[in-house]
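First up is the structure itself, then whatever we jot down about it.
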């Protein structure tokens, strides 16, 4: 099957966010961010667990106040996934959450303060073996850079990132990753391209403030897809004005489409037409809902007629080709004698998929099947 990604990843150094490896060929980590009030511990913990259930490798939590920092301490104790504390304006909050076991500190160089304050955060991170993400954003560039460039440009984002990379270099601190996010696709893509040529540290990708669920997913897929196809990127976050759980799903779908990292069922399904012998759209929607718990990578083709069905089935782990009253079933590209009753196709196909998943899982020697 033609399912190996031709993408050659950009070489980068290795850091760890908790127990999650970042860079140097590690699987691209998918993360999201909570949108609850951090001081609402119960709601925040519930959302973090929901994100973890759909595969989040890392979760970022905004910590805007000292009260939020105290809440973060409790949240950290009640969750398992590595947590990144998002810090703006007050560097002392970064020092506080470091005491509470944060797995990574995200600071925005445009508003965290002067170099001495950054130095305090860096020394604390070094002492506690905590990595840092330098988060540059086109919407919060330093005033002098806006005066110089008049508007966010790739060169402005690069200069902002590099001045803070230089600070970390002078402090002999190399456990960091960098992001240069923007809401404009071309601005973000070119900024990342420039940065990728300047440093060896891992890059965290994102199109910031991308929009609602549909438009934001499309914008992120276009922008991040361009970078990932060039081998750029070690972690990613899809920024949607939607349920954060959707960010994780979209993130994995982007990686899955590029054959970089697969998680769960990859459905190959026709848009359907008058030739379909069963309701393709309803079948796919129901199977997606039922099989959300599956993490084992698997290609399943569901085609409503014999025009493209056999060809797609040949390169799928499981294939279904629409037929009159009964549809053809393929396993590993081989047509089986068994045929599926079109009226009960969802139940029959779900059973076959789950049986094959169980068979594959039994052969996998590692517990991390997503890598």
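From the backbone N, Cα and C atoms, a Cβ is placed for every residue, glycine too.
Annotated [4Fe-4S] cluster binding site per Swiss-Prot: 270, 273, 305, 312, in sequence order, evidence recorded as sequence analysis.
Following the DSSP three-state reduction, the secondary structure of residue 270 ([4Fe-4S] cluster binding site) is coil. Of the listed binding-site residues 270, 273, the Cβ environment within 10 Å is emptiest of other Cβ atoms at 273. Those residues of the chain, other than 270, 273, 305, 312, with a C-beta within 8 angstroms of the mean position of the [4Fe-4S] cluster site C-beta atoms are 271, 272, 275, 276, 280, 303, 304, 307, 308, 309, 322.
DSSP gives residue 312 ([4Fe-4S] cluster binding site) a helix state.
Listed in sequence order, 270, 273, 275, 276, 277, 321, 322 are the same-chain residues at least 6 apart in sequence whose CB falls under 8 Å from the CB of residue 305 ([4Fe-4S] cluster binding site). Within the same chain, residues at least six positions away from residue 312 ([4Fe-4S] cluster binding site) with a Cβ under 8 Å of its Cβ are 268, 301, 303, 319.
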